[in-house]
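Here's the structure we're looking at; comments come further down.
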Amino acid sequence: MIHPEEVERLRGVNVYLIGMMGSGKSTVGSELAAQLRFQFFDTDGLVEQVGGSSIAQIFAEHGEAYFRDLETQVLAQLSSYTRLVIATGGGIVLRPKNWSYLHHGLTVWLDVAPELIWQRLKRDPGQRPLLQTPDPQAALYKLMQEREPFYAQADVRVPIRSETSPPQLVEQIWQAIRARLRDGIPS
């Protein structure tokens, strides 16, 4: 249970959810925002709005670098506000410039077991441009390995090793945030 007086300890900063595609950032982000009484934004959805097409189309027509530029632009705009929960794209951690925005808030890494992410993503791999390879599972595991050191820079790590309902995951995230708040918000 999230109490309003505890939320005040966040001092109006944003909560950035980071982690691999399929980790549940968008699903749990809206519920976390509702409980915190913050607004929720999903950078992928905003990139689609700014880019005027789906992420898959943006990748196909303009390439990954263009997509990452749009992602940075969206993140820069969101970081000028406070009291937001922001579900970020899985690769947002790759650009040092993005960390300059992420560090203005509290970053929470949803560290989901690789097998669990694969189980989720294989239901609909066509929506994931970076998995359009002959061996999408190997591509996923390679991406996870490459990105883990970046994700590990998060202020809070929430290990997820089995399917968890969104309300349970929100509680798990909140407990991890509370523990981090006891140590002080990073600056």
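Just so it is clear, glycine is given a Cβ too, placed from its N, Cα and C backbone atoms.
Keep in mind it's a predicted model, so treat the numbers as computed, not measured.
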Handout entry: Of ASP42, ASP44, ASP135, residue recorded by Swiss-Prot at the substrate site of ARG68, GLY90, ARG147
Key = ASP44
Handout entry: Rounded inter-Cα distance in Å - ARG147 (substrate binding site), SER23 (ATP binding site)
Key = 13
Problem - Between ARG68 (substrate binding site) and SER26 (ATP binding site): CA-CA distance (Å) - result: 18
Fill in the blank from the handout: So GLY24 (ATP binding site), by the Cβ count within 10 Å over all chains shown, scores 21
Exercise for the section: List nothing but the one residue from SER26, THR27 whose Cβ has the fewest other Cβ atoms within 10 Å; the candidates are the binding-site residues. Expected result: THR27
